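Peer 1: Here's the feature list from Swiss-Prot:
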- 153-254: domain 'Fe2OG dioxygenase' (DOMAIN)
- His177, Asp179, His234: Fe cation binding site (BINDING)
Amino acid sequence: MAVFPIINLENINDDGRAKILEQIEDACQNWGFFELVNHGIPHEFLDMVEKMTRDHYKKCMEERFKETVLSKGLEAAQAEVNDMDWESTFFLRHLPESNISQMSDLDEEYKKIMKEFAKKLENLAEELLDLLCENLGLEKGYLKKAFYGSKGPTFGTKVSNYPPCPKPDLIKGLRAHTDAGGIILLFQDDKVSGLQLLKDGNWIDVPPMRHAIVVNLGDQLEVITNGRYKSVMHRVLTQTSGTGRMSIASFYNPGSDAVIYPAPALVEKDQDEEKKEVYPKFVFEDYMKLYLGVKFQAKEPRFEAMKANANLGPMATA
């Protein structure tokens, strides 16, 4: 059975670089996911982020979740719930403009820590994008530039808690989907599992590891790499007991008006004429408008819809 890729970045700047790049390439081509250790973010800092996130949930969100329609309604449910997720979340925007100062129920120390956390994750995301460029034979900075709209990239963090669920067979913590954006960095619970990815028709656990950062690729990297790398379906299962699962996912995405298309250098290398036409050219915001309505469906029809829209020309979008 294939082993989930865990990549140690400790020697990325010395004689271990070639091996690490090879591991990243294999993970991007065959998994769409990997887990990073020795990524440069101090363990003590991650411990602080985790503690403050858990404290905030208990103080501000736990009781609120128990009072939701979903929480109360599940008690009477007899059939599988397919239109909602068993999660308690809030979202922080970082780029192009931060909304952290406007989050009234976050205390000042938590705001400060999350701003610092976001900057560290932003730097790590950009470092990873350049490692992908190196593997792809693209110039350094190509992927970062590809994500730039008129205001730069979009970067935000989804903070999630998955409370214990009384009927885990009837509802998912988060339904199966691929991520729409670019590269996603996840700081997840190291004690409670639940995140799974779909590989070769089987659901495989993403192992909880203390102080690790899970990385997965979004739809936009599949397009830009002309299918060499793939976004992968993943989901979160619910748990019946324990303290619940914490998840902090940071999404480094294209700017809303960024124009996304396969890198010409990667298309030129592809001798298969049919494959050259698989991925469309589109504005990221247009893709997101489509994605929001069909997030929990297969990605391929989204690509086909964007390609059809592009082929119809300007009149179709007027």
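Using the three backbone atoms N, Cα and C, a Cβ is placed for every residue, glycine included.
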Peer 1: Enumerate same-chain residues with a sequence separation of six or more from Asp179 (Fe cation binding site) and a Cβ-Cβ distance below 8 A; give 'none' if the list is empty.
Peer 2: Asn216, Leu217, Gly218, Asp219, Ser231, Phe251
Peer 1: Which residues in the same chain, at least 6 apart in sequence, have a Cβ under 8 Å from the Cβ of His177 (Fe cation binding site)?
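Peer 2: Listed in sequence order, they are Met233, His234, Arg235, Lys295, Phe296.
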Peer 1: Taking 10 A as the limit, how many CB atoms besides its own sit near the CB of His234 (Fe cation binding site)?
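Peer 2: Step by step: centre on the Cβ of His234 (Fe cation binding site), count other Cβ atoms within 10 Å, giving 23.
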Peer 1: Can you break down the domain 'Fe2OG dioxygenase' (153-254) into helix, strand and coil residue counts using DSSP?
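Peer 2: Its residues divide into 6 helix, 45 strand, 51 coil.
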Peer 1: What are the other residues, in sequence order, whose C-beta lies within 8 angstroms of the center of the C-beta atoms of His177, Asp179, His234 at the Fe cation site?
Peer 2: Leu174, Ala176, Thr178, Asn216, Ser231, Val232, Met233, Arg235
Peer 1: Mean pLDDT across the domain 'Fe2OG dioxygenase' (153-254), rounded to an integer, is what?
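Peer 2: Reported value for the domain 'Fe2OG dioxygenase' (153-254) is a mean pLDDT of 95.
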